[in-house]
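Here the structure comes first, spelled out in structure tokens, and everything after it is commentary.
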């Protein structure tokens with residue numbers, strides 16, 4: 001492996017948080033190195049249309065937005081490397097990162113490796129991702145106006161997605177593998193009010209067995225009720241499926257280095273700056289690796305900006 005030159009700061013990840021951190025770090029003359037990771041561009045690369053990015057009132061695709069961020073970071077001379085980090089050493093300085101192709105050292109790190117949605121694990125899911133299967137109602141819900149769709153999940157996220165979608169879709173089939181929801185009572189109460197209107201149809205103790213469709217996208221779901229002894233499956237017609245069964249942060253390689261909670265990196269927070277610092281000085285985190293609540297492109301970008309500013313202050317303190 002070739003040993004790369006030492007860098008003041010390395011940014012891991014090429015989603016909104018990573019690119020924003022790169023832009024701010026570059027403008028601060030820190031000459032950052034951004035390592036893209038496996039999924040260049042992050043989750044937005046699977047989003048067909050974005051209508052809630054401030055200033056872009058005309059439709060823009062996820063890949064288009066990420067390409068613009070990529071070009072923006074290059075404008076300010078960010079060095080971008082296509083590699084995937086497989087192990088790190090943060091317990092001594094300089095920090096050491098081992099990639100699939102090269103080795104890297106640096107004085108500061110911003111972790112923006114993102115989080116991937118947890119899917120059902122059906123073989124038919126990959127076929128319809130971006131063509132009827134979504135993991136973000138706020139991002140894609142509007143495109144199902146006056147259509148019948150399904151939501152799968154039983155926690156806060158699933159119910160929140162259902163409540164949001166109920167504002168403009170025709171009907172929602174909410175599918176949950178258990179008999180009871182694992183969500184806040186206030187959310188369940190709101191859900192049950194809508195259930196009474198028959199706009200939301202509950203399928204409890206049920207699982208999705210298969211996803212059917214054509215070249216245009218999803219058309220039907222096959223679901224099975226676990227309480228029924230017969231093996232017959234119910235076929236329901238839907239235009240889309242929103243999967244809301246949780247997220248998996250891309251933080252496995254940091255588990256023995258950083259403090260975490262449920263796979264998400266814990267940061268300092270507070271009101272006196274250094275908000276994005278982890279338990280190790282010089283290691284900062286931004287985007288979906290620290291956020292299991294909002295998970296929006298704009299909130300990821302905001303935290304990427306904060307991490308860049310925090311890391312700049314840290315590096316200045318070393319000189």
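Glycine is no exception: its Cβ is also placed from the backbone N, Cα and C atoms.
Lifted from Swiss-Prot, the feature list:
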type: BINDING; residues: 36-43, 288-297; note: FAD binding site
type: DISULFID; residues: 136-139; note: disulfide bond
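Features per Swiss-Prot, on structure.
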residue : record           : DSSP class
36      : FAD binding site : coil
42      : FAD binding site : helix
136     : disulfide bond   : coil
289     : FAD binding site : helix
295     : FAD binding site : coil
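Using a 10 angstroms CA-CA radius around residue 136 (disulfide bond), the binding-site residues that qualify from 36, 289, 295 are 295. Put simply, residue 139 (disulfide bond) is 19 Å from residue 39 (FAD binding site) when counted between their Cα atoms. Within the group of binding-site residues (36, 39), the Cβ with the highest number of other Cβ atoms inside 10 Å belongs to 36.
Summary: among the recorded positions (136, 139, 289), the fewest other C-beta atoms within 10 A of the C-beta are counted at 136. With respect to Cβ neighbours within 10 Å, the binding-site residues 292, 295 differ, and 292 shows the lowest count. Between residue 292 (FAD binding site) and residue 139 (disulfide bond), the C-alpha separation comes to 16 Å.
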